[in-house]
Structure formats: C-alpha cells, structure tokens
C-alpha cells in the first residue's frame, strides 16, 4: 500500500472518532428530529435505594450513548473512504499536471505535489470524491440511520419523523439502540446490496462537488498563508549567523508555523466544503432516512402511515422546500461548521504528519517544484 493510502486511512478514522458527537447533532437537525433522546427525567427523591440508583445511572448514560451511535461503521468505512480519496486525488492531480505540461518529463513530485493552478486542484478533488461513492453511500446510510435512533420505553425505536428503526433480533425485545452491524445485515437480508445504495446519486454529486472544494480550499488557504508569511518581516534574518542556538530556534519556529498552517487551513477547508454542499447533504440525509418498505420498518408500527413510494432526491428537495422554504436546507449548518473545522484541522494534521514521516510530504514536494 502507498504512503498516502495509510495516511488517508488513519487520518480519516481519527477524524470520525473526534467528530461523531457533533455529527449526530447535525444529522438529527437535518432530518428534523430532536438532538437529544426523549426520556422521562430520573427520580429526584433524596431516598434512593440500590435499584433506583441503578435506574438513575441508566437514565444518565442514555443521554450520552446516542452521541456515540453510528461510530463503528464510519471508523472502518470512512478510513477506507479517506484512503481512497487521497490516493485518487493525488493520482488524478499527477495525471492532470502531466497533461498540462507534456514537456516537463513526467511528474517531478511523484504524485504528491500540488497543482500549479487551482482549477486542476478542484478537478482532481472532484474525481477523488466521485471515486469514494462506492464506499461513502453505504457508510453514510448506515451511519445516519444509527444516529437517528432515540431510545424509548418500548422495543420500537423512534428514528425521526416518519422513520422507524429495524426490529431487534429474533426473540429479543431490547429497548437499546440497534447497532450499525445489525442495520447493515438487516438491509442486506431484506433488500440486498441495492438497499445499501439508497441515495447514491445525490451522495455522488455531494462528494464530487464537496471534495473538489475541499482540496481547492486547502490549497487556496495554504497559498494565502505563504503569501502572508512572505510579506511579514523576518526576525530571524538578523540572528541566523550568530550562534547555533539561533538555528535551532529558527527550526522550531518553522515547525510551529507549519503546524499552524495545517491546522488553520485544514479547518477552513472543512468549513468551505460543507458550506458549498450543505443543501445537498440535507437532501441526502432525508432520502436515506425516510421510512419506506425498502429500508425496513418496525413490525410493531405497521399501522403507521407509509408514503406510496420512496422519494428520490428531486422529490425530497421539493418536499423539504414546501416544509419551510430555504431554512430546512441550512438547518444544522452552524453545528456542522464547528465540527468541520475541528475534524478537518486534525485530519489534515495527521495526514501531513504521516506523509512527512514516510518521506513523502506534499509540502516538501511543492517547494521543490517551485
């Protein structure tokens, strides 16, 4: 496996673990469901027996557990998705650079450098995003359905407006949320492989546009950072020839500047990405979490009304607009922006660090090109 594959995989897994609690809030706001479980308040009496204390502890944990829902599948799936994304992006960028400079004698940066123009960066990111569709669609579907679960007093789990979770395994009636693994196996058993690709078209569109802006935003911010540093007066120019300690101080300053660049530019790239595709993501979430026979229903709620057929992306967009105009298309954007900055700052930092440790830092390659 190439260095960018492992760097992408590890950084992707780290990002989903860090950002899952806020991602739960985002998905629930997009789908129109409450961000926290609707549980009755725990007893407030001062005389609590052992059984009452245990019940209180259970109630307390029920408020925390939903924010860990849907983590298992994304840790595996999003790690693979991120690895595929960076490999596809780097190879596509390398290919486009060779096309734009046929006399350059190949790719001087070994596929790890940065394109000379931002359009190349955007196109390479869009191709990389499209390549992730085969992984991102089932991962997003299972993740969203797991995250929308709200524990209730009965075995039926409410998953948002018009959506019910899959029934518990045969012979059980646990009120605890259904696991990501059970959701996946239930879909495969009842609908086959196509059941995991509900909302695939809008997901592919979201990923191609979003990841185009993702790499474009990171590159643009990195260039602005370099230009700003170039314009700032260098305090080290007067001390670089004095002692060896000044050299180590300069190296430390360079490392800190590079770390700050990666964190800031990575975070801003995440915000740019989600701002560019958030309405598409709202439609995708609603398409994938709507309650239809295709996705499976709770047998104890068979009398609940069902739509005549599963709505496609366009019909879901019109239905969302009728719900409240443009506002539902941007519900949860604030939470998503906070999550995007934190997750992508860390994700880019992990990726760049691993690439440097493996001797294929993208930053070094771009400097050698320039």
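Using the three backbone atoms N, Cα and C, a Cβ is placed for every residue, glycine included.
Per TrEMBL, the stretch carrying the note region 'Disordered' among 125-152, 153-180, 181-208, 209-236 is 153-180. Among the ranges 3-28, 29-54, the stretch that TrEMBL annotates as region 'Disordered' is 29-54.
Secondary structure counts, DSSP: the repeat 'Solcar' (257-357) has 77 helix, 0 strand, 24 coil.
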